[in-house]
Amino acid sequence: MSISSKFQLRSSTSLLLLVALMVVMGMDGAAAAPNTNFVSSACNTQKIPSGNPFFTNLRAMLADLKQNTAFSGFDYKTSRAGSGGAPTAYGRAICKSSISQSDCSACLSNLVGRIWGICSNAIGARVQLTDCFIQYEQHSF
């Protein structure tokens with residue numbers, strides 16, 4: 001085997017390893033977690049009384065936002081009709097268009113889990129994380 005053949009073989013092997021490394025790094029970047037850093041919030045000062053049936057509507061509406069926003073163009077509005085005289089819960093969720101569907105869902109799951117700590121029992125709230133946003137109210141918007 002000549003020196004030039006050995007060089008071409010090493011060069012081809014190096015190129016192949018470089019391409020494989022780039023693919024692996026690219027795949028890792030695609031699987032990165034969404035940015036869930038807190039950005040801002042606006043919480044209604046009125047609180048939902050403990051045991052109020054509005055909580056049931058609100059929880060169902062937030063679950064709907066979490067489940068469907070990523071598959072509805074990253075901007076989804078919904079409502080949950082009041083049962084037993086409870087007010088209807090209205091909501092909207094938005095994810096940055098630059099993130100993946102799975103990152104959108106993950107960001108909203110994170111936000112739904114944190115929203116009560118940010119806007120404790122508020123009848124309306126707007127909370128923004130870096131990659132996603134949720135608004136909910138007792139009135140249509």
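Yeah, the Cβs are placed from backbone N, Cα and C, and that goes for glycine too.
What Swiss-Prot lists as signal peptide is 1-32, and the listing cites sequence analysis.
Residues or ranges marked as domain 'Gnk2-homologous' in Swiss-Prot (evidence: sequence analysis): 36-141.
The Cβ of C119 (disulfide bond) lies under 8 Å from the Cβ of S41, C43, N44, A125, V127, each of these being in the same chain and 6 or more residues away along the sequence. Summarising the annotation, Swiss-Prot assigns disulfide bond to C43-C119 (among others) and lists sequence analysis as the type of evidence.
Under the three-state DSSP scheme, N44 (alpha-D-mannopyranose binding site) falls in the coil class. Positions annotated as alpha-D-mannopyranose binding site by Swiss-Prot: N44, R126, E137.
The 10 Å shell around the Cβ of C104 (disulfide bond) contains 25 further Cβ atoms across the protein chains shown. DSSP gives C104 (disulfide bond) a helix state. The annotation disulfide bond is assigned in Swiss-Prot to C95-C104 (among others) on the grounds of sequence analysis.
Under 8 Å, Cβ to Cβ, and six or more positions away along its own chain, C132 (disulfide bond) finds P34, T36, T69, A93, I94, C95, K96, C104, C107, L108, N110, L111. Following the DSSP three-state reduction, the secondary structure of C132 (disulfide bond) is strand. Annotated disulfide bond per Swiss-Prot: C107-C132 (among others), in sequence order, evidence recorded as sequence analysis.
Assigned with DSSP, the residues of the domain 'Gnk2-homologous' (36-141) fall into helix, strand and coil as follows: 36 helix, 32 strand, 38 coil. Sequence-distant contacts (6 or more apart, same chain, Cβ under 8 Å) of R126 (alpha-D-mannopyranose binding site) comprise S40, S41, A42, F133, I134, Q135.
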